[in-house]
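Read through the structure below, which is laid out as structure tokens, and then see the notes.
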Amino acid sequence: MSLKKQDDMDHNAWLKSQDLTAIETAFLTTLIWLDKRLRIVDYLELLETMYYRANLQMPKSHTEQYDLDNKFWYWYPLYSLGSLSIIAYLLAAVSGALLGFYYAPSTAGAAAQGDPTAAYDSMVMIMTDVQFGFMLRSIHRWSAQFMVAAVFLHMLRVYFTGAYKEPREVNWILGVVLIALTLLFGFSGYVLPWKQLSFWAAQIGVELALATPIIGEWAAQLLFGGFTLGQATLVRMYILHVFVLPFVVTALIAIHVGIVWVQGIAEPH
Amino acid sequence: MTDDTTPMTDGGTDEEARTDGGPPATVPPDDETPTWSERKERSQGLAQLTYQYFERSRREDEDLRTESTYVERDVLGFPTWPHETIRNLAITSFFLGIMLLVASIMPGHFGDPANPGSTPAIILPDWYLYWSFGLLKLDPINPDLAVLGGNIVMSNELLGLIAHGAIFGVITLVPFLNKGNARRPVEEPGWAALGVAGVILAITLAVLAIQNFFPVPLELLFSLVFMLPVAGGVITYAVLKTMREGYMYDLNRRYYMLRPPK
Ligand code: HEM
């Protein structure tokens, strides 16, 4: 073997041997020149594969394959409710992050009882002064409501299709935790603007926590920062809403979907 | 082509046509395969039990695999690209679009600032917590004891909390109470009826939470909260049972059409 560079494929000789028009020669010369440097052939191959994949025949549908009652497809859209929860969750996360740039979790600034606080004012500022802010808050609220609705309905679909049975019990229990946390997400968010309704909803929360036997006072301290509502309550709800819950819920959703991935969707039969 | 070609499930025996790339690539646990306990000596306690179990379960898998006549083949599935991807994109954009549309036409209003000094006439959370709020208004059924001179045993808040716990508890237990492999509601009318009753209860409890908006006497409303779910459950049960009879009737008819009674 010599170290001399060998040209196994003498493209130029091949070009000369063909009887080509000027245009064809120019095109091929350019193509060969580019291909030697950029391996265009590989990408053309990829494109070709994609082309053939895209023109595949539709495979048998699930109902055909398993010879199910042909009315069963009615239910299929309900199988997207879990994904819809995730989509709504993501939209809420993005709009929430943007709201976070302007929102101030503080009860300062109220000279007398019933005066707007800094938190309330920052919400008003978002809705009236910030570009697109009114829409932003609306998107955040609605995506949250859509998420809760989707989660409720997703749970019903799992229940009525019997999809929680062995071996999917763990995912059902994870789901129960997830729906509870989703509701807590909603509750803590509801408190943040420190409106009349926010305040009194939180008040009911404190009373409930205090009514719990044994751990009641401790729970009230932990969640609401005391027995009467104030700055501490607001900050705790804020941290819960923008720090603790996002991490916990995101992780649990990842595990939940990971388990679905491993176990597969429960087949209707 | 070897002689010991096993027939494939589709009737052919052509080795070339095998789409599964031959026998399973997993190594059978013969003498040469180290067992889990040999890989690392684990001779006591939970570690040993764990590895004993792993050995058993791998053995079980292998046995099942050897006994099975099932030939692995390419999965006849739904291609990720483009079918699944495009379907998902369509669903996602549709849903995002709906959310943005609703957000832009119904931005919602913003209430007054908090005033710890004046309790508003109506305290309400968002709609999805109405059911929970309704559970806090169960005071008419809070048990009282004659010994305590008609005093209630627990505060109404505690009763509400216990009701929450009971509901979450029952929901959590569902997979352990309802076993078997039935999937369709018609197969288990009782469980479907329970589900429908639960949904209706959530709705009636929500109505109880916003009772001020309903011009119904409180007593009647309170009875309805518990009667309607029961009624809904009974109706569901009856409908599903009837549907089941219908299916059986169809099946029987087909059977007798094929094999008319003598
Ligand atoms: C944050 C809330 C939740 C998210 C994001 C979520 C997401 C998902 C997704 C994407 C799937 C795949 C199948 C489908 O979309 O239908 C799924 C399946 C499942 N989910 Fe959820 N889920 C949530 C809450 C719940 C709740 C509340 C329950 C029930 C208590 C639950 C129980 C299950 C079960 C048992 C499956 C497996 C169903 C099957 O294999 O057919 N999930 N979840």
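Cβ coordinates are placed from backbone N, Cα and C, and glycine is handled just like the others.
The compositional bias 'Low complexity' annotation in TrEMBL covers B:1-11. Among the features that TrEMBL reports, domain 'Cytochrome b/b6 C-terminal region profile' is placed at B:70-211. Among the features that TrEMBL reports, region 'Disordered' is placed at B:1-44. The transmembrane segment annotation in TrEMBL covers B:89-110, B:158-178, B:190-214, B:220-240.
B:220-240 is the stretch from B:89-110, B:158-178, B:220-240 with the greatest number of Cβ pairs below 8 Å to the transmembrane segment (B:190-214).
Residue counts for the domain 'Cytochrome b/b6 C-terminal region profile' (B:70-211) under DSSP (helix as H, G, I; strand as E, B; rest coil) come to 85 helix, 5 strand, 52 coil. Distant neighbours of the transmembrane segment (B:220-240): 134, 140, 185-186, 189-190, 192-194, 196-201, 204-205, 207-208, 211, 214; these residues of the same chain sit at least 6 beyond its ends, with a Cβ under 8 Å from one of its Cβ atoms.
Predicted-model confidence for the domain 'Cytochrome b/b6 C-terminal region profile' (B:70-211) is 86, expressed as mean pLDDT.
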